[in-house]
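Q: Before I ask anything, let me first share the structure, which is written out below as C-alpha cells.
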Amino acid sequence: MGNVLGLDIGTNSIGWAIVNTEKKLIHSNIHIFPQGVTEKTGEPRNIQRRAARGARRNNHRYKQRREKLQNLLSKTKMLPKYVEKFPYHVYELRAKALDKQISLEELGRVFLHLNQRRGFQSNRKEQANADKDKEKELGKVKEGIKELESLLQAHHSRTIGELYWKLLQDRKHDFTAAQAIRNRFPTEKRYTSRELLKDEFEQIWEKQKQFYPQILTEKLKNEIGKETIFYQRKLKTQKGKTEKCPFEPKSSCIPKAAIEFQEFRIWQKLSTIKVTIPDKNRIADLLTLEEKQKIAYELDRLTNKEMRLTFKQIKALFKKEWGTEANLNYKEEDDIKGNTTAIKLRRVLGEKYDEIYQAYNEAFEYEEKRKTNFFKIWHALLYADNDKWLKKYAVEKLGFSEVQAEKYAAQNLEDGNGSLSYKAIRPILAYLKTGEDYTNACLLAGYDHALLPDKHRKLLPKIPKLQNNELRNPTVQRALTETIKLVNRLLQEYEIESICIETARELKKTKKKRDEREKELKAKTDRRRELAKFLAENSMMLFGKQREFDLNSKPDMEDVRKYELWLELAVADKDLNEIGIKKGFADFARKIGKDDMDKYRLWIEAQRISVYTGKVIPFQRLFSKDYEIEHILPYSRSFDDSFANKSIAEAWFNAEKGNLTPYEYFQKKTKEEWLAFKHRIKMLPKPKQERLLWEKEIEGFRNSQLTDTAYIAREMAKRLQSVCKDVQTTQGAITSMLRRYWGLNALLNPEGENEKDRGDHRHHALDAIVIACTNRAKVQLINWANAKDIDWKKERRKIDLPWSSFRYDVQQQLHGMLVSYRQDNGILIKRKAITKTKNGKKKTSVQIGIRGELHEATYYGKHILPKGAPPAKDKKTKTAYFVRKKLSSLNENQVEQIVDRVIRETVQKAIAEKGFKQALAEPIYMPDTNNKGWQMPIKKVRIAINKDDEGMIPLYKKEGDEDYKRNLYVPSGSNYIMGIYQDPNTGEKEVYITSFYEAVQRKIKKLPVLDSMRGSKKLVLTARQGDMFVVYENHPDEIEKHINWDRIDLEARRFLFDKLYIVRKMTKTNGKIFLSQHHLAKVNVDSDPLPLKIYPLGKNFNGIPVEIDILGNIRRKKSV
C-alpha cells in the first residue's frame, strides 16, 4: 500500500500523518488555529460586535421614527414644547384620552410615548418556528404577554395606558412596586404586544377625532400610526442564500413545504422498506408498488397530531395480507413522516383538496403550475409574514370564507429547504412512483454521474474553498477551512492513495446490551403513550380545555414527564383517574418546573442523600430553596450542562463549594472526609463517579464540541472524496484502544499510567499516526470482538504493530515536531461596501475595516476623588478613573472601591448582615427617603479604578464638546507589537510596545507600525503575540553552527525542538515578554512554572525569529 493520510480534526487543531507501511515511513505534524467561537462562552467571536451593531441600528431607526413623528406633530401643532415639564403623568394622559378631550399638545405627548415603547411583534414565520422549536426566549415573551392580558381583564382596563395608571394610583406610596410596572425589577416580568398598543392607538384616535375632526384625518392617522409609530421594516429575503442542488448545480434546493418534496421524501423512504414473511416465502423483500401506494395514501390523510405513521401501524394496515408473523427492517416504534403540506391543506379545503390538487398535478410546465390555485395556496402560506394580510388574501384572491381564512392562517408549513431542486426531484419522483428504488430512479432520470462507483469518479486536483458562512456554524466553518488548506498543501507534496479520518462514533455495543437498551426504550415509550392518551382524554377536566398530546412536542412531552413524576410522588398503584383528577394534577403541573423534575431524578439516583455531606434529604424539603442542583465540575470551567455533571446538594454547600471541583474542595478538608465521600458515591453511575473524583485540570471540552467534532468529520469526509477515491473512517474509541495497546501514550507521558497527555499538542499528531495505520480489517475486528463481548486482552495478539520499529520511529517523529500556529496579524482590511443611492441604484465602494477590537468598550471618567473615597493611586493630583457598574455585578474587592462613602457603607452593612452573595441578590436601599417618601434602591454605583494614564485614550477632544464628553476615556486594549531598539555604538537596548489602537492610527496615516529609529537607537527585533523564536543563551552561533536553514532534516528539527518558543503575552510594565515551548497546550502565563520563559526586560531577550508553515516546515525570517 502507498501513502495513507490520517487526519485527527478537532475544533481548534488538526493532527496529520502520512504513513507508508511498506517503506516504514512517517511524516507527521500538528496545526493549531483559533476556534470559530470564544473559548469561555462558546459563542461566535463576532457576536458582541453583532449585538452592538444591532443595538446601534435599532437606536438609529427609533430616532428616525421619532424625528419623522415630531415633524408630523409640529405641522399639526401637536408637538409639546417642554416634554419633561408636562403637568400630567403620561399614563394619566393615556387613560384620560379614552373618555375625555385632551389638548393637541397632550395628544402629541401620548403619541411620542407610544413611539417610545411600541411593544413586541413577531411575524408569522417566527411564530411558526417558535411553535416548532419552543425557543426559550419567545416562550417567556408569550407568557409575559398572556400575563399582561390577564391583568387587563382583572383590573377591567381597556388599554395598557389605563391599566398602568390604575396600578400607579394603587402603588403611589410604594416606589419598588411602582417601578416594577415597567419591569425594572425581576419580580414582575410582563411583556407588551404590539397589537395591544395598536388597539390603544385606535381607541384614543377615534375618541379624540370627535373633538378635532378637521385635524385628525384618516390620512394623518395612516401617516402617524402605520407609517411611523408602528412601521416595521420587512426582513431581508434569504432566497439568494439557498443551497444549490447537487444534481442540478444551477438550481436552488426546493422548499420542504412544496408538495413535490413531501411526496419525494415519502417515496424515497418507502423504497428502503423490506418485509420478511417466512410462510409466504418473502425474505427481506422490497414492498410491491401496490403496497407503497397504499402507505402513501395513508400518509397523505393522517389525522393524528404527530402527522407520522409508525411501522407498527404499517404492519396493522397489511394484517390481512401479511398475517401476524411479518417483520420489517425497521423497529415498530420508528415512523415515517406524513405529507404535512397535504394534511394541513386538507384541514382547510376539506373535500375540495383533491379537485384543486388535481388541477395543479395536471399542469405540466412549472410556469403553468404557478398559475394554479393550489400553488398560490401553499406558496402564500409559506412566505406570508402577516396573519391579517394572509386572511385578506385568502378571502379576496382565493375565494375562501371567513371561517376558512381563519383556519388557513392558523396553519404553519414546514420551514427550510430539501436536499434537491424541483428540477431534479420531478423526474426522480416519477420513477419512484413506478416502483423503482432511489438509486435506479436517479439513474433512469439521467443523474448517473452522481452515483457512479468510486473507481469511475473523476477526481479534482484540490478541494474547493468554502464559501463565506456556507455551513452556518463558525466552529465547523473555521475547522474545515483550515483542514482544506492543509490537505491541499499535502496533495502538492505527497502522492496520497488513501485517507482515513476519525469520527466521534462509539464502538459497536454487544447484542445483549443493544437488546436491553431497546427493550427499556420501548417500555418507556409505550408507557408515555399511555399517559399521553389518558391526559388527552381527560384534558377538559385537568386543564380546562381540550388538548392533544404529541410526544414530539416539547411542552406536551414535558407535561407527560410531569405526570410520570406525579404518579411516582403519589401512591403508584392507585387508579389513574383518582390520582390525576381528585388530587389536583393540573395545579401540580403549573407549579413544578424542569429543575424540580431534575431534582427528583438526582434525589432518587443519590438514594435520597446529599453525596457531599452524607445527610438525608427529606422529601418535604426537596423542592424548597434549601436544596439546589449543582454542577459537579463547575459549569464556568467545564461548560458541561449534562445530567451526568449534576448532583443535588444543600444550598449552603453549593455556595461554599463555589467554583471548585469536588476534589479541589475536599483537599481543604480532612483525609477521613475525602475517604467517606469516595465511599458514598459508589452507588452512582460510573460517568458521574468519574466527574466527582476528577483530579486533573478541567479541559473545558463542551458537549457542543463533541457535536461539532462529529459534524466536522462528516463534512470533511464528503469533501475528501472529491480528491481521493479511497476515504475511510474510524471511530475515536478504536484510536484510543490502539494507541494504548501499542504503548504509544507513554511516548508523551512517560510517568503516566499509559494515558493520553492532553497538555501536549503532539497528542493530535499521535492520534493521526494511529488513524493512518487503522485499516478496515482492524476496525471490523475490534467492532466484532466488542459486539461479541469478547475479552479483548485475549484478542490483543491479533493487532500487531504496523512494523517492528514502529514505536521507535513514532518517538523520533514526536521529538522532531515543530507545531504550526495560524497567525492573524493583519491590522486593516479592504472590503467592498454596497449601498443604495436615492434613486435606488446600487453603488459599490471600497472601505477600510479594522481586524480586531480598536479599544475596550467601557467608558471611564477621570475625576478628583471626593472626601471619604478610597485612596487614589496618584497622590499628587488625587485623581482616579471612575466607571459605573451594576451593584449586582461587583466582586468583594470592587465594593471597597465604591466612590460614594454613604453608598459604600450601606452596601458593606448589608453584606455584613446577609453575606456577600445574598446581599447583592436582593435590592439594597438608600438610608434616606426622597422627597416623595420613597426609599431609593441602589442599582448602579461608581467605583474608582486605579489605571495608568499611559494605557488610557481620551475621547471627544473637539472644541465645543460638553464637559462630560471632554473627560471621557477608554482603555487602549491589547498590546500589538514589541520593538527592541539598540544603539549601534554602545550596544544599549530599549523596549517600546505599541498598542493595537496606536498601530491602527499609524497604519491609517500610512506610517510603519514601529519607527525604524528611536533617537540614536535602531530597531533590531520585533515580537508579537504568537510569533515564534528559537531561543539561545548568549549568542546566535549557539544555533547557527548546528543548523543549515536551507535544509532542515529530522535531526535538525530534533535539535530545534527544545529551543523553539512561542510568544504568549507582552506587558508594558517593564517591557515583559512571556514565552512557552511551542508544543505545550493550555498555558497560563500568569501561574504556570517553567518551561515558561519570562524576560522581565524584553531587551534582555535573545532569540532568532522563525516562521513555521501549515505543514510544520521551519524557516528563518527577518528580525524587523
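Residue numbering: from 1, along the chain as shown.
Even glycines carry a Cβ here, placed using N, Cα and C.
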Q: Quick test of your reading of TrEMBL: among 120-170, 477-527, 834-884, where does it put coiled coil?
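A: Here TrEMBL associates coiled coil with the stretch 477-527.
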Q: Give the mean pLDDT for the coiled coil (477-527) on the 0 to 100 scale.
A: 78
Q: Rounded to the nearest angstrom, how far is the Cα of His764 (Mg(2+) 2 binding site) from the Cα of His631 (active site, proton acceptor for HNH nuclease domain)?
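A: Just about 29 Å between their Cα atoms.
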Q: Quick check: in three-state DSSP terms, what is Glu502 (Mg(2+) 1 binding site)?
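A: Its secondary structure by DSSP: strand.
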Q: What's the CA-CA gap between Asp8 (active site, for RuvC-like nuclease domain) and Glu502 (Mg(2+) 1 binding site) in angstrom, rounded?
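A: Here the two Cα atoms are 6 Å apart.
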Q: For the C-alpha pair, I'd like the distance in angstrom between His764 (Mg(2+) 2 binding site) and Glu502 (Mg(2+) 1 binding site), rounded off.
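A: Rounded to the nearest whole number, the Cα-Cα distance is 11 Å.
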Q: If you count the C-beta atoms lying within 10 Å of each candidate's C-beta, which of the recorded positions His631, His764 ends up with the smallest number?
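A: So among His631, His764, the recorded positions given, the one with the fewest Cβ atoms within 10 Å is His631.
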